Amino acid sequence: MDGVTVIDHPLVQHKLTIMRKKETSTAGFRRLLREISTLLCYEVTRDLELTMERIETPLQEIDAPILEGKKLVFASILRAGNGLLEGMLELVPSARVSHIGVYRDHETLQPVEYYFKAPDSLNERLVIVVDPMLATGNSSIAAIDKLKERGAKNIRFLCLLAAPEGIRNFHGVHPDVPIFTASIDSHLNEKGYIVPGLGDAGDRMYGTK
């Protein structure tokens, strides 16, 4: 699919398979989510721009590469998105964090927004929006709508699983936002869950129903 990158690294796929298993414990699911988020972060940041900086090693001065521009923003769609943040922040501890409170009404499958907090100068930053699941796409669309209202121009979306229906819906509204995912699954069921999927990521991460 155009505009979609499937991250098929063997370690990503191995960990994702264990996360899919219904017998995987809450603690195990949470640990795997942290580990896989670090691997996914490598891929979604692969083409960040570098600039040269004059530094001094214990032996001599050199020109060495360093990230250019303002700090990245990781924008978590609450609550499940927070599960991806920990591993990503271990890799990029200087990143700024945005929280976007959007939940899916289980009757209408439409997003309901209840919270938004973001750093300043979004128009000068790369914003990586994170949510484990791209199902209908409605929540991620609403979150990115809000970020664009606040000036964000350079946005990427990172998830574990995506449904074809969600990808089409998402890119129908935000064709300029590339999607990075570990898997494109088969379809959505009548309740809007990704099949075969891994269940409700938030519930499995926090041990709730």
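Keep in mind that glycine also has a Cβ here, set from the backbone N, Cα and C atoms.
Database features (Swiss-Prot):
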type	residues	note
BINDING	Arg79, Arg104, Asp131, Pro132, Met133, Leu134, Ala135, Thr136, Gly137, Asn138, Ser139, Asp200	5-phospho-alpha-D-ribose 1-diphosphate binding site
BINDING	Ile194, Gly199, Asp200, Ala201	uracil binding site
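Shown on the structure are the features that Swiss-Prot records.
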| residue | record | Cβ contacts under 8 Å, 6 or more apart |
| --- | --- | --- |
| Arg79 | 5-phospho-alpha-D-ribose 1-diphosphate binding site | Gly202, Tyr206 |
| Asp131 | 5-phospho-alpha-D-ribose 1-diphosphate binding site | Ser76, Ile77, Ala80, Gly81, Leu84, Ser139, Ser140, Ala143, Phe157, Leu158, Cys159 |
| Met133 | 5-phospho-alpha-D-ribose 1-diphosphate binding site | Ala80, Cys159, Leu160, Leu161, Ala162, Ile194, Gly197, Ala201 |
| Gly137 | 5-phospho-alpha-D-ribose 1-diphosphate binding site | Glu165, Gly166, Ile167, Arg168, Asn169, Phe170, Val173 |
| Gly199 | uracil binding site | Lys22, Tyr193 |
| Asp200 | uracil binding site | Tyr193 |
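Annotated uracil site Ile194, Gly199, Asp200, Ala201; additional same-chain residues within 8 Å of its Cβ mean position, judged by their own Cβ, are Pro132, Met133, Leu161, Tyr193, Gly197, Leu198, Gly202, Asp203, Arg204. Of the binding-site residues Ala135, Ile194, Ala201, Ile194 has the largest number of other Cβ atoms within 10 Å of its own Cβ.
All chains included, 26 other C-beta atoms sit within 10 angstroms of the C-beta of Ser139 (5-phospho-alpha-D-ribose 1-diphosphate binding site).
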